[in-house]
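Q: Submitted below is the structure of interest, expressed as structure tokens.
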Amino acid sequence: MEYLLRACTFLYLVFLTSVSSDNVLHIGGIFPINGKGGWQGGQACEPAASLALEDVNKRNDILAGYTLQLHWNDSECEPGLAASVMYNLLYNDPQKLMLLAGCSTVCTTVAEAAKMWNLVVLCYGASSPALSDRNRFPTLFRTHPSATVHNPTRIKLMKKFGWSRIAILQQAEEVFISTVEDLENRCKEADIEIMTRQSFLSDPTDAVRNLRRQDARIIVGLFYVVAARKVLCEIYKNQLYGKQYVWFFIGWYEDNWFKGNFTDDGVDCSPREMEIAAEGHLTTEALMWNQNTNQRTISGMTVDDFRVRLDAKLREGKYNESLSKGLYPVGYQEAPLAYDAVWAVALAFNKTMEKALENKRRLKDFTYTDKAIADDIYSAMNSTKFLGISGDVAFSSYGDRIALTQIEQMIGQKYVVLGYYETTTDNLTWINKEQWIGGKVPQDRTIVKRVLRTLSIPLCICMWTISIIGILVAICLIAFNMCYSHRRVIQTSHPKCNTIMLIGIVICLSSVFLLGLDGQFVSEDVYPFVCQARAWFLSIGFTLSFGAMFSKIWRVHRLTTKSKSEPKKKIQPWKLYRMVTLLLLIDLFFLIPWQIYDPLARSLIVFPLEKPLSTDDDIRIRPELEHCESENHMLWLGLMGTYKGLVLVFGLFLAYETRSIKVKQINDSRYVGMSIYNVFVFCIITAPVTLVISTQQDASFAFMALSLIFCCFLSMALIFVPKVIEVIRHPRDKSESKYNPDFGMSKEDEDRYNKLLMENEELQKLIAQKEERIHLLKLRLAERDALKGEDGYKGGLADTSNLLTVNNKDTLIVADFITGEGTSDSAFGAGASVCTRSSRASASDLEFSESYL
């Protein structure tokens with residue numbers, strides 16, 4: 001009987017065991033725990049998943065009569081190893097109903113292959129935007145939000161702080177490549193410039209160095225935590241931290257990810273250096289912990305309860321020592337996602353079982369070829385919604401987690417929450433706790449302020465004042481010239497020609513005002529007209545002033561180079577005006593085509609950046625200097641310069657040739673020559689010096705203005721001061737002869753003198769003819785004496801050798817005429833006596849000639 005009882009008990013236990021094994025629902029798990037690269041979030045996510053299994057299996061209202069069991073292995077965040085783990089899970093009993101996976105690269109491999117076995121894949125730690133492709137991953141869901149959920153938040157922050165120029169530093173992984181592509185599209189829509197995009201595989205040294213070369217200020221960093229430590233060390237080495245820089249990091253790193261000694265990860269910076277480089281950076285993360293810490297979740301726990309249980313679970317393992325130091329294992333932030341992922345599986349299975357009963361099917365009978373149950377599981381997962389440790393859990397049509405985004409900043413080595421952003425409603429909740437190094441929001445670039453270099457106002461006022469004085473002096477001299485035009489001292493210097501010169505000086509002095517007009521006085525639209533006016537005023541003013549002097553010195557040279565046989569005629573004024581008119585026509589020949597076909601316009605000279613002395617802000621000054629220029633500027637300057645230069649050189653030659661000559665027709669020729677020297681010297685000095693110092697606006701303006709002013713003042717002084725002094729000293733014409741003998745004759749006396757001078761020249765010619773005839777007659781007499789004998793004719797010949805017989809029509813002329821000519825001090829020679837029997841010279845004329853000469 002006892003044996004029978006034992007046998008029955010054994011059979012009952014076997015039955016119970018078989019029944020319990022039939023009521024176990026198996027799922028496969030792939031956790032990245034070990035490894036040197038990627039994300040090892042399985043260190044904390046696997047214990048969290050174990051806690052979820054315990055809690056689900058304790059509930060009688062979920063999966064009643066069934067037990068949920070997890071079979072897992074380590075993938076090390078390596079896609080190849082993950083594929084091997086997946087195949088082992090699928091081809092080894094028991095049958096798996098679903099797969100859990102973490103790490104984006106692993107999820108990509110698993111989800112792309114799982115559809116071949118009609119398996120739904122739930123990823124608790126994958127943020128790659130590529131996983132949102134339903135055509136490529138038709139059975140994928142994830143409790144971890146897509147990395148693209150951060151991009152709208154980043155764009156919102158950039159607009160909030162006025163950043164429109166960013167740089168991107170990424171690790172060469174698919175998850176980050178996809179995220180950057182999405183970020184680029186969003187930046188393009190928001191008119192945000194991505195100045196550079198640097199990527200690296202494992203060593204970020206060169207990439208970070210390039211960011212410094214590109215002067216990046218707002219930098220978005222996308223990389224796993226191990227690479228993040230290397231990047232942070234390079235940030236410190238390249239000094240890409242402080243008040244001028246803002247770094248965006250991924251928010252799912254552990255809070256203490258930058259602390260400690262990480263020599264094993266290839267980080268050669270001290271903990272203090274890492275802390276310095278990390279200060280002030282921003283993070284954006286989808287909320288992975290419910291923000292209402294007192295709210296009961298579907299498991300009946302609060303967030304604080306879960307944290308206590310998870311810490312205890314970790315301490316049971318190998319993380320007790322690190323936790324005692326405040327160092328949490330990788331994946332601690334994502335642990336709620338793994339916990340809620342198990343709950344999502346349980347709820348989906350529970351809903352699938354209810355539907356399967358209606359169709360007289362059982363979930364445990366699922367095989368890898370059972371498309372119907374696979375569709376039921378997919379539908380149930382797609383409609384799952386509950387409050388978990390990570391917050392509200394729900395999935396979009398792409399299988400992505402719908403989550404709120406949190407913004408944090410590293411302040412004092414601790415993360416401080418700055419706000420939250422709801423993508424669906426575009427609502428930013430800001431707490432205003434941000435703190436910036438330096439006390440102000442960093443700029444997205446070095447602010448380059450364009451500063452137009454303008455002339456010193458005191459310098460302009462000084463030069464303009466002197467120019468006004470010069471213009472007034474020139475106007476007064478014009479009035480003086482007109483009022484005293486009847487005086488011989490003015491009349492014989494050709495007052496109209498002097499007036500032309502003074503008008504040219506007024507125009508030249510007026511150009512000083514145009515030279516001082518720059519961006520502080522005129523707008524950009526008006527400046528081209530100022531440029532044209534400068535060219536016209538300078539050219540026309542030079543031509544009128546220098547042309548008048550040139551025409552005078554030209555006439556002096558012509559008078560002194562005439563042959564003595566040519567009659568000395570009075571200078572006609574129109575001949576002087578003709579020279580000035582010719583020079584003006586040449587000016588117009590150049591200026592009109594220049595203005596029509598290639599007009600002067602406003603052009604800027606840009607100087608290298610300068611650091612302002614009055615502030616420490618991230619500001620640089622870019623000086624700009626405006627000047628007048630045309631497309632073929634040097635060609636036109638060359639043509640004008642050649643023409644003006646030839647006139648100057650020729651004028652200098654004429655002045656030198658006539659340096660010691662005075663003529664009564666132009667009484668100020670010597671002073672005109674000195675003025676030409678003056679103009680030539682100033683032009684030769686001013687032109688090259690102005691080109692050399694053209695980038696120094698004050699020096700260039702001062703030098704050119706002073707050259708114009710001094711040249712004009714000196715010319716007026718040389719030509720008009722002697723005249724003014726003469727008029728002041730001798731108010732009447734009669735007294736002028738004592739000061740200057742050239743002016744002792746009246747108009748009538750001068751006409752009579754000219755008439756006698758012409759007659760004297762004719763008489764000299766006649767004397768020469770008579771002397772030639774006398775010489776011929778003497779030769780004939782000598783021949784006659786030779787034919788006759790010496791005795792009888794010698795005495796007669798001696799008595800008749802001095803006799804000259806002419807007919808009654810001839811005139812006996814004995815003249816001893818001595819003349820002197822060539823200087824204005826003595827217009828005629830002295831000591832001439834003229835005796836003639838010609839009826840053309842009257843007694844009164846002879847008397848005047850003898851008395852004057």
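Cβ from N, Cα, C; glycine included.
Annotations per TrEMBL:
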| type | residues | note |
| --- | --- | --- |
| SIGNAL | 1-21 | signal peptide |
| TRANSMEM | 455-480 | transmembrane segment |
| DOMAIN | 466-743 | domain 'G-protein coupled receptors family 3 profile' |
| TRANSMEM | 500-523 | transmembrane segment |
| TRANSMEM | 535-555 | transmembrane segment |
| TRANSMEM | 576-597 | transmembrane segment |
| TRANSMEM | 634-656 | transmembrane segment |
| TRANSMEM | 676-695 | transmembrane segment |
| TRANSMEM | 701-725 | transmembrane segment |
| COILED | 746-780 | coiled coil |
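How about a rundown of where these features are and what they're close to?
A: Beyond the transmembrane segment (455-480), the same-chain residues lying 6 or more positions past its ends with a Cβ under 8 Å from any Cβ of the stretch are 498-499, 502-503, 505-506, 509-510, 512-513, 516, 518, 520, 697-698, 701-702, 705-706, 709, 712-713, 716, 720, 723-724, 727.
Residues 494, 496-497, 500, 532, 535-536, 539-540, 543-544, 547-548, 550-552, 554-555, 630, 636, 639-640, 643, 647 of the same chain lie 6+ residues outside the transmembrane segment (576-597) yet bring a C-beta within less than 8 angstroms of a C-beta in it.
Residues 539, 542, 546-547, 549-550, 553-554, 556-557, 583, 586, 590, 594, 598, 672-674, 676-677, 679-680, 683-684, 687 of the same chain sit 6 or more residues outside the transmembrane segment (634-656) yet have a Cβ under 8 Å from a Cβ within it.
Remote same-chain residues near the transmembrane segment (676-695) are listed as 545-546, 549-550, 553, 605, 607, 625, 627, 641, 644, 648-649, 651-652, 654-655, 703-704, 707, 710-711, 714-715, 718 (criterion: CB distance under 8 Å, separation of at least six residues from the stretch ends).
Through the fold, the transmembrane segment (701-725) approaches residues 455, 459-460, 463, 466-467, 470, 473-474, 477, 480-481, 484, 489-490, 493, 498, 501-502, 505, 508-509, 511-512, 515-516, 545, 549, 668, 671-672, 674-675, 678-679, 682, 685-686, 689-690, 693 of its own chain, all at least 6 residues removed from its boundaries and within a Cβ separation under 8 Å.
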Q: Take every residue in the coiled coil (746-780), average their pLDDT values, and give the whole-number result.
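A: Across the coiled coil (746-780), the average pLDDT comes out at 82.
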